[in-house]
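Database features (Swiss-Prot):
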{"type": "DISULFID", "residues": "C47-C89", "note": "disulfide bond"}
{"type": "DISULFID", "residues": "C128-C172", "note": "disulfide bond"}
{"type": "DOMAIN", "residues": "24-105", "note": "domain 'Ig-like C2-type 1'"}
{"type": "DOMAIN", "residues": "107-189", "note": "domain 'Ig-like C2-type 2'"}
{"type": "CARBOHYD", "residues": "N56", "note": "N-linked glycosylation site"}
{"type": "CARBOHYD", "residues": "N63", "note": "N-linked glycosylation site"}
{"type": "CARBOHYD", "residues": "N82", "note": "N-linked glycosylation site"}
{"type": "CARBOHYD", "residues": "N180", "note": "N-linked glycosylation site"}
{"type": "CARBOHYD", "residues": "N187", "note": "N-linked glycosylation site"}
{"type": "SIGNAL", "residues": "1-16", "note": "signal peptide"}
{"type": "TOPO_DOM", "residues": "17-208", "note": "topological domain 'Extracellular'"}
{"type": "TRANSMEM", "residues": "209-229", "note": "transmembrane segment"}
Amino acid sequence: MWQLLLPTALLLLVSAGMRAEDLPKAVVFLEPQWYRVLEKDRVTLKCQGAYSPEDNSTRWFHNESLISSQTSSYFIAAARVNNSGEYRCQTSLSTLSDPVQLEVHIGWLLLQAPRWVFKEEESIHLRCHSWKNTLLHKVTYLQNGKGRKYFHQNSDFYIPKATLKDSGSYFCRGLIGSKNVSSETVNITITQDLAVSSISSFFPPGYQVSFCLVMVLLFAVDTGLYFSMKKSIPSSTRDWEDHKFKWSKDPQDK
């Protein structure tokens, strides 16, 4: 870990008695947010991390090889396939970031999304991206081979709240001029909350409402019994105190 620190920052750490593991981790952001792009696309990678007053340089790594750029943003003016891979960054007062993947594809169309795994009720943003942003019309987004959404002019497709039914294979197609073009297929996965999943496994959907009603009724009955018993206890105590017992003598006391 020490060899990854910038020389100036290393001296500062030693003098301050700090350790490398005490530093925050840098973070890489893609701008725009898509990690799958087409050739000729413009891509910007930004490094977020702390800097010392003496050293505001940034170290960039592509597939573990050091890049010459030392600014906080790394620009790719026209992406090529060999730009694909993992990118990391590090600042003078941060440790090496986690890797961010960039995929450069060749084709007319590419279906883009920030990621491919979502939780239930999360929003999904899909984009049917054309090469060099060529005009695209009569666009259809398809799920499992069936049309899901149609736009006369190219538009992004939003799913406000994802459900398990939104899992599946997706691609988009449209017309560039009179040419019919399609993107590659990608898989989107919707995961379920574990707590909800465990309840659902015990009770089928048709019985969950009935189960809740039964629980409410049981609670009401239990509460009624509690107050009824609480009210009767003092009365029973008074009856016990007022009752006179007549003891019989032993035979030898007669």
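The backbone N, Cα and C atoms fix where each Cβ goes, glycine too.
All protein chains considered, the CB of N187 (N-linked glycosylation site) has 10 other CB atoms within 10 Å. Among the listed disulfide-bonded residues, namely C47, C89, C128, C172, the Cβ with the most fellow Cβ atoms inside 10 Å is that of C172.
A Cα-Cα distance of 41 Å separates N187 (N-linked glycosylation site) from N56 (N-linked glycosylation site).
When the Cα of N56 (N-linked glycosylation site) is compared against those of the recorded positions N82, C89, C172, the shortest separation belongs to C89. Classification of N56 (N-linked glycosylation site) by DSSP places it in coil, neither helical nor stranded. Helix, strand and coil counts from DSSP across the domain 'Ig-like C2-type 2' (107-189) read 6 helix, 49 strand, 28 coil.
DSSP classifies C47 (disulfide bond) as strand under the three-state reduction. Computed over the topological domain 'Extracellular' (17-208), the whole-number mean pLDDT of the model equals 93. If you take the C-beta of N180 (N-linked glycosylation site) and look for same-chain residues 6 or more apart in sequence within under 8 angstroms, you find R173, G174.
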